[in-house]
Amino acid sequence: MSQRKYFGTDGIRGHVGLSNINPEFVLKLGWAVGCVLANGARKKVVIGKDTRVSGYMLESALEAGLSAAGVDVALLGPMPTPGIAYLTQTLRANAGIVISASHNLFEDNGIKFFSADGGKLPDSVELAIEAQLEKQLQTVPSVKLGKATRINDAAGRYIEFCKSTIPSLSRLSNLKIVVDCANGATYHIAPNVFSELGADVVPIGIKPDGFNINQECGSTAPELLREKVIAVGADIGIGLDGDGDRVILVDSLGNLVDGDQIIYIIAKDRHQRGVLHGGVVGTLMSNYGLELAITSLGVPFQRSKVGDRYVLETLREKDWKIGGETSGHIVCLDKTTTGDGIVAALQVLSIMVKQNKALHELTAGIQLLPQTLVNLKTNNAALLASNPDVIQAVKNLEKHLNGEGRVLLRPSGTEPLLRVMVEGANASIVKQQAQMLCDDISQIDKKLTESLPST
């Protein structure tokens, strides 16, 4: 496969104004996408965004570039990433464009794409877009310029879709729910979904100002959610990230329920009802406890590379339906085409109602092993992951764990980080060993940096 210049594992992402996430590049990106998709015919693309202040600027740039290529644009406004995937399908668009940096803070933003079926763009199309970016921008004749329209009922359409993913007779009227929308794209959607299904909803993180997305709130910072669940005596807390494709839960006792536990709850219920359709996909970072819990049900478990893109690929290769990541990217391919935080939460809520069980009862069947994840800042992540000295340090630690744990090194696909994960039976030992390994890697990184030619 050809080397990508611009696209990462999940589109193009960076610091606004200090990377390719600037109006000049994004305008040309819109044009390049339009040229590749249009191919001489009239086409339509939908654009949605989260609540970052830079979204206005980037939306306008994309719109201008697409129009210059002769492509019509349907503007969705603030919309969760999975909502954009859904509306790309139902509006019969040729592609969907998401303006978001997901769980990152407001200084970052990104552009990612959905194909006409609501799935990820094929590699061949991404490479074609990159090739087009190297060409001189040329505007089509005025008579062929694209037009822009705003889809005023976009939120309502997606709300109805979310509600349709659980049985029509399911009512949440006996549940008190705290939902944290991370001051992001679900702020005007998630509370309505749950309240329209009858729940008593306590919403937080619903006052976006362009700068407070994911700021000490949402799925990556669940303390506020936990406190609120306890304070109001809620049955469950639902924490979404800035673009709504991740979810974590909090039970009535204040315990955090991560993506691995959510996958287990959904998969076990479908297995018991005979509708699981195959096995379950996790990732290299999924807790070993998930693998043990799933296989103990007699259900196959497969690990993919890290990233919802690879979870989706593995699910489609195997024709399975349920998978996801510890971080809360949960994919239910029998309901959606991509990870959807609201839909995943609804599956759990429906199970709670149907089985008349509290969330902590549903998680009782999975015991997670203590796991420590350290994000090591480095510009040499890929080099370190394959460095012989680093590999030997990992082997030494694995020997020390004596077969009762795992060690995983993974360069981030979007940030200058090496993710170091250590898993084992004893939490304090795992944390100590992870830090020792990171100290060793940092020393190797320092020597490696000194040996590299300066630029």
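All residue numbers here begin at 1 and follow the chain in the order shown.
Here the Cβ of each residue, glycine as well, is placed from N, Cα and C on the backbone.
Annotated Mg(2+) binding in Swiss-Prot involves D241, D243, D245 plus, out of the candidates S102, S115, S124, S350, the residue S102. Other C-beta atoms found within 10 angstroms of the C-beta of D241 (Mg(2+) binding site) number 33, with every protein chain shown included. Within its own chain, D243 (Mg(2+) binding site) has D50, P80, T81, V98, S100, S102, H103, G184, A185 as residues 6 or more apart in sequence whose C-beta sits under 8 angstroms from its own.
Using a 10 Å radius centred on the Cβ of D245 (Mg(2+) binding site) and all shown protein chains, the other Cβ atoms total 34.
Each of D50, P80, T81, S100, H103, G184, A185, L240, G242, G244, R246, G341 belongs to the same chain as S102, D241, D243, D245, is absent from that list, and has a C-beta within 8 angstroms of the C-beta centroid marking the Mg(2+) site.
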